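Asker: Quick one: this structure, given as structure tokens, is what I'll be asking you about.
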Amino acid sequence: MTSEADDTIAAIASPMTPAPRGIVRLSGHDCIDVLCRMKVLDTDEASGRRPFRSSKTLSLGEPLGAIEVDVMVWPTQRSYTGQPSAELHLIGSAPLLQSSLDAAIRAGARAARPGEFTMRSFLAGRLDLTQAEAVLGVIEAEDRGTLDQALSQLAGNLSRPLQAARSTLLDLLADVEAGLDFVDEDIEFISDEALIQRLDELRSLLLQTRSQLSDRGGASSTIRVVLRGLPNAGKSRLLNVLSRTESAIVTDQAGTTRDLVTVESSWGGHSFQLIDTAGSESREESDPEAPISQEAQLQAAEAARGADVHVWCIDATGGDGFESLKSPNAVLAEAKRSAQLICVATKRDLMPTDWNGESMRADLAVSSESGTGVDSLIERLVQFAEQRDAGETGSVIGTAARCQDSLAAAIEHLAQAIQWTEQAAGHELVAAEMRLAVEAIGEVTGQVYTDDILDRVFGRFCIGK
């Protein structure tokens with residue numbers, strides 16, 4: 001994304017929907033002059049060096065007339081973008097916001113491109129590239145887990161270790177190159193043994209970082225919950241109660257559900273995808289329903305393999321729903337490693353008052369009819385979500401996708417540098433690999449970048465950010 005970095009840019013920075021407050025944002029070296037030409041800044045105010053706020057009247061011409069605006073001004077480079085910046089706060093009406101933006105453009109600003117404010121912050125050194133991507137992660141976060149990850153990345157928890165690793169690698173490279181400069185002198189700036197150890201430590205750090213990025217990049221913030229069990233175990237009714245919908249067909253006839261039924265829900269700030277599956281059963285080949293049942297079982301098995309939580313439903317009035325599984329491990333045999341199993345005894349309302357499901361080895365007893373135990377099941381699901389979020393140390397998905405190749409290259413160059421050192425192939429080759437590793441790490445944090453990289457990162461932003 002090539003940009004005239006000295007231009008004063010302007011954009012609407014709030015949603016174009018009715019709201020008590022809307023924002024028009026400006027940034028650029030002529031920002032103060034633009035505000036003066038808009039007549040929302042006095043000459044005396046324009047000469048100040050400290051950030052300030054002032055209530056003004058902005059004339060928008062006929063038929064809109066004049067409106068009251070609050071003007072927030074950062075008159076020096078000590079702003080988000082590293083340039084003089086300002087915001088006009090006014091009533092969040094789309095026509096008023098657009099007319100205010102038009103007034104700024106008539107006064108000498110130009111319309112900002114997507115992500116241009118954050119790109120200027122990056123170019124000014126206020127943010128590195130991973131932090132800039134985290135801004136978009138905060139904007140796009142759909143639940144608390146992804147928001148926490150984006151905020152962590154914005155705080156520098158991803159870039160700081162990488163910048164430290166790059167700095168350490170530069171120091172090591174300086175020692176190696178100093179040794180080359182004084183090759184005829186009896187001076188050892190760093191021994192091969194120490195160099196190998198330090199390079200291997202850096203390689204391990206990058207491997208760990210790449211693994212975290214891989215985990216986050218391939219994972220969805222939405223937790224997949226699959227409802228399983230024998231036919232007529234109450235799965236569909238439980239799905240409807242949990243989602244407060246009538247998405248699944250409920251009848252007393254076993255085997256009603258054949259296709260997967262998927263519903264989105266949210267509890268405790270976390271997003272969940274609930275999946276109702278066909279009951280686990282086997283049919284004789286002579287049974288005309290066998291092909292349909294087999295296909296339904298394949299769909300259920302596929303859903304189970306990708307699920308984070310398996311809710312195994314046992315009909316409390318039947319009693320053998322869990323025994324038929326032989327052991328809890330059988331349920332998770334083909335599930336992903338981090339999956340959790342919750343055994344739920346359904347139809348609690350049809351059992352005696354003092355019955356709690358322990359005889360069936362159930363974790364919970366619920367009644368979709370009365371709602372008993374449903375809140376406890378939701379609490380278990382939210383608890384799982386919080387534990388998963390606490391254990392994640394990854395990045396926003398955009399960063400994970402962008403950085404994989406660069407980190408892989410850095411790891412490969414460090415491995416090659418270690419190999420050249422072990423084989424005494426010459427410090428010229430070692431230094432060359434180390435320089436390539438430094439460059440690859442710089443591509444992650446943005447110390448090394450091209451216009452194509454900036455296009456890819458900031459082109460995903462909306463205008464005004």
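Each position is counted from 1, following the chain as shown.
Backbone N, Cα and C atoms are what each Cβ position is placed from, and that goes for glycine too.
Found this in Swiss-Prot, in case it helps:
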type	residues	note
BINDING	ARG25, GLU87, ARG126, LYS465	(6S)-5-formyl-5,6,7,8-tetrahydrofolate binding site
BINDING	232-237, 251-257, 276-279	GTP binding site
BINDING	SER236, THR257	Mg(2+) binding site
DOMAIN	222-386	domain 'TrmE-type G'
Asker: Work out the three-state DSSP category of ASN232 (GTP binding site).
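Answerer: ASN232 (GTP binding site) sits in coil per DSSP, no helix or strand.
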Asker: For ASN232 (GTP binding site), which of the binding-site residues ARG25, GLU87, ARG126, LYS465 has the nearest Cα in space?
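Answerer: Going through ARG25, GLU87, ARG126, LYS465 one by one, the Cα closest to that of ASN232 (GTP binding site) is LYS465.
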Asker: Roughly how many angstrom lie between the C-alpha atoms of GLU87 ((6S)-5-formyl-5,6,7,8-tetrahydrofolate binding site) and SER236 (Mg(2+) binding site)?
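Answerer: GLU87 ((6S)-5-formyl-5,6,7,8-tetrahydrofolate binding site) and SER236 (Mg(2+) binding site) have their Cα atoms 52 Å apart.
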Asker: So among ARG25, ARG126, LYS465, all listed as binding-site residues, which is physically nearest to LYS235 (GTP binding site)? Use the C-alpha atoms.
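Answerer: Considering only the listed binding-site residues, the nearest one is LYS465.
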Asker: Applying a 10 Å Cβ distance cut-off over all chains shown, what neighbour count does ASN232 (GTP binding site) have?
Answerer: 23
Asker: Mind telling me which of the binding-site residues ARG25, ARG126, LYS235, LYS465 has the densest Cβ neighbourhood, counting other Cβ atoms within 10 Å?
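Answerer: Compared across ARG25, ARG126, LYS235, LYS465, the most Cβ atoms within 10 Å surround LYS235.
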Asker: For LYS465 ((6S)-5-formyl-5,6,7,8-tetrahydrofolate binding site), which DSSP three-state class applies?
Answerer: coil
Asker: Give me the count of other Cβ atoms within 10 A of the Cβ belonging to ALA278 (GTP binding site).
Answerer: 25
